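J.: Input: one structure, supplied below.
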Amino acid sequence: MYIEEEMKNQSIFLHIISLIVNSKFITNDKESYMTDKLEAILWSIALPGFAQLLNRKIVKGIVLIFLEFIVNVNSHFNMVILYSFKGNIKEAIEATNYQWLMFYPCLYMFAMWDAYKDAEGETPPYSYLPFVFGAFFVTIGLMYSPSLKLGQILFGPVFLPILSLIPGLLVGNFIKCILARIKVQ
C-alpha cells in the first residue's frame, strides 16, 4: 500500500514537471526579463520559482514553488535541515525520505538555470553545464550521505550534498570551457 501511494505521488510530481516544460502560458516577452543574472540566481537560491515570478513567467513560477513545496513536505526537508544545523546528523538521516529528496537537486538547479537563461544579458554557449553537473553531483552526494564520512565526520543529507555541489560546478565549468574552445576552432 505504501509503495503504491509513493508511486502515485511521484507520478503526479512527474506530470506536473511535464506541465512546466510544455506550458504554453510562459511568456517570451523580452521586456519582462530581469536586469541582472546574479539577481535571478540569488532569488532562485532563496526559493525556486521566485525569479520566474520576477521575470513575469507566472505559471512557471507558481508551478516551481508548488513543486518545491511538495518535495519539501514529502521529503521532510525542513526537519532534516533543522536536525542538521543542530548537529543531530543521525536524526536528520532517519527523518529523510530519500525517494522524495532526490528530486530536490534537479528541481532546484533547473529553477536556477531557467532563471539565469531568462535574465537580461547574453547567455554563453554551454552555460547550462555547471547547473546540470551541479544537480548530478548533489544527487550523488545525497545518495551517499547516510554513510559516507569525510575523515571521522558524517555530514548527512544537508551538508554532504552542499559540499558535492563544488566539484559539480567545477566539472561543469571545465567541460563548458572545453566545448567552447572546440566550437571556436
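For all residues, glycine too, the Cβ spot is worked out from N, Cα and C.
So TrEMBL lists the following for this protein:
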- 62-85: transmembrane segment (TRANSMEM)
- 97-116: transmembrane segment (TRANSMEM)
- 128-147: transmembrane segment (TRANSMEM)
- 153-175: transmembrane segment (TRANSMEM)
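Just tell me what is around each of these and how deep it sits.
T.: Long-range contacts of the transmembrane segment (128-147) within the same chain: residues 93, 96, 98, 101-102, 104-106, 108-110, 112-113, 116-117, 154-157, 160-165, 167-169, 171-173, 175-176, 179, each at least 6 residues beyond the stretch ends and with a Cβ under 8 Å from a Cβ of the stretch.
Same-chain residues lying 6+ beyond the ends of the transmembrane segment (153-175) with a Cβ under 8 Å from its Cβ atoms: 80-81, 84-85, 89-90, 92-93, 96, 98, 101, 105, 126, 129-142, 144-147.
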